[in-house]
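The following features are taken from Swiss-Prot:
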- Cys73: active site, proton donor (ACT_SITE)
- Cys217: active site, proton acceptor (ACT_SITE)
- Asn11, Gln44, Asn64, Gly74, Asn75, Asn157, Asn190, Glu208, Arg209, Gly218, Ser219: substrate binding site (BINDING)
- Tyr268: site 'Important for dimerization' (SITE)
Amino acid sequence: MQFSKMHGLGNDFMVIDGVTQNVYLTEDMIRKLADRHYGVGFDQLLLVEPPYDPELDFHYRIFNADGSEVAQCGNGARCFARFVSLKGLINRSDMYVSTAKGKMVLTLVDEENVRVNMGEPIWEPAKIPFIANKFEKNYILRTDLQTVLCGVVSMGNPHCVLQVDDIEQATVHQLGALLEKHHRFPERANVGFMQIIDRHHIKLRVFERGVGETKACGSGACAAVAVGIMQGVLDANVQVSLPGGTLQIEWQGKGKPLYMTGTATHIYDGFIKL
């Protein structure tokens, strides 16, 4: 099976063309491939499939390192766009793809950057899913470690976002693990720790569902900015500094799609026998 290794700001992926080759993967196979000592090693595996809808170009599937399938990965979407272009699966800069929970528009901006229309942030608790009687800008969540005030949103996957005073001192691993599996998130959650520098700039660390902390999380950056704008502490165009690099997020508010722009890097091509 042929594959490519790619990364978006250090969030690394094994990307597989399921259009020109037959691909069958089990959870156990994905876990073995994800092993950084005995396999290929990655945060997520991305699978390019033929479109389910004839009006679209591709179907985009994402699997975490633990083998679980998820509906969204923003950094992966940028790498997905770069991959299908590099492999000659498409010959235009705009592409239309479906995911498990919706549709996306991906645009190759230049040789480095990809712009992703992430769609509208989802705030309705039942659709996130998140257990709450109604939408609130802030929710109180209690854990064994501490009680936190957070925003909750879906960018195609559930996100919990909390503000911290110092990103370096944030208890990302301990608190992130507790909030990821909090009982109010039936499908678990990605947990973002956001330090606001000013209304146009934040620092962010993300504990990803099924993965742990990664160098960068595109949907997490989108979620953090959406929450910050909804809470009135950020403006419409925000630079997000992650451990792996920088993303630019734009959102004009409710009823409008959110856009993410950032790099997508091809590392190498490989072949592996399954």
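Sequential numbering from 1, following the chain as shown.
From the backbone N, Cα and C atoms, a Cβ is placed for every residue, glycine too.
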Check: same-chain CB within 8 A of substrate site center, minus Asn11, Gln44, Asn64, Gly74, Asn75, Asn157, Asn190, Glu208, Arg209, Gly218, Ser219: Asp43, Ile62, Val70, Gln72, Cys73, Gly76, Val206, Val211, Thr214, Cys217, Gly220
By Cα-Cα distance, the member of recorded positions Asn75, Asn190, Cys217 nearest Tyr268 (site 'Important for dimerization'): Asn75
Neighbour count (Cβ, 10 Å) for Ser219 (substrate binding site): 30
Which of Cys73, Cys217, all active-site residues, has a Cβ with the fewest other Cβ atoms inside 10 Å: Cys73
Per DSSP, three-state class assigned to Tyr268 (site 'Important for dimerization'): strand
In three-state DSSP terms, the structure that Asn75 (substrate binding site) belongs to: helix
For substrate: widest Cα to Cα gap among Asn11, Gln44, Asn64, Gly74, Asn75, Asn157, Asn190, Glu208, Arg209, Gly218, Ser219 in Å: 17
Integer Cα-Cα distance in angstrom, Asn190 (substrate binding site) to the residue listed as 'active site, proton donor': 11
Residue among binding-site residues Asn64, Asn75, Asn190 with least C-beta crowding, 10 angstrom cut-off: Asn64
Arg209 (substrate binding site) in three-state DSSP notation: coil
Candidates Arg209, Cys217, Ser219 (recorded positions) with Cα within 10 Å of the residue listed as 'active site, proton donor': Cys217, Ser219
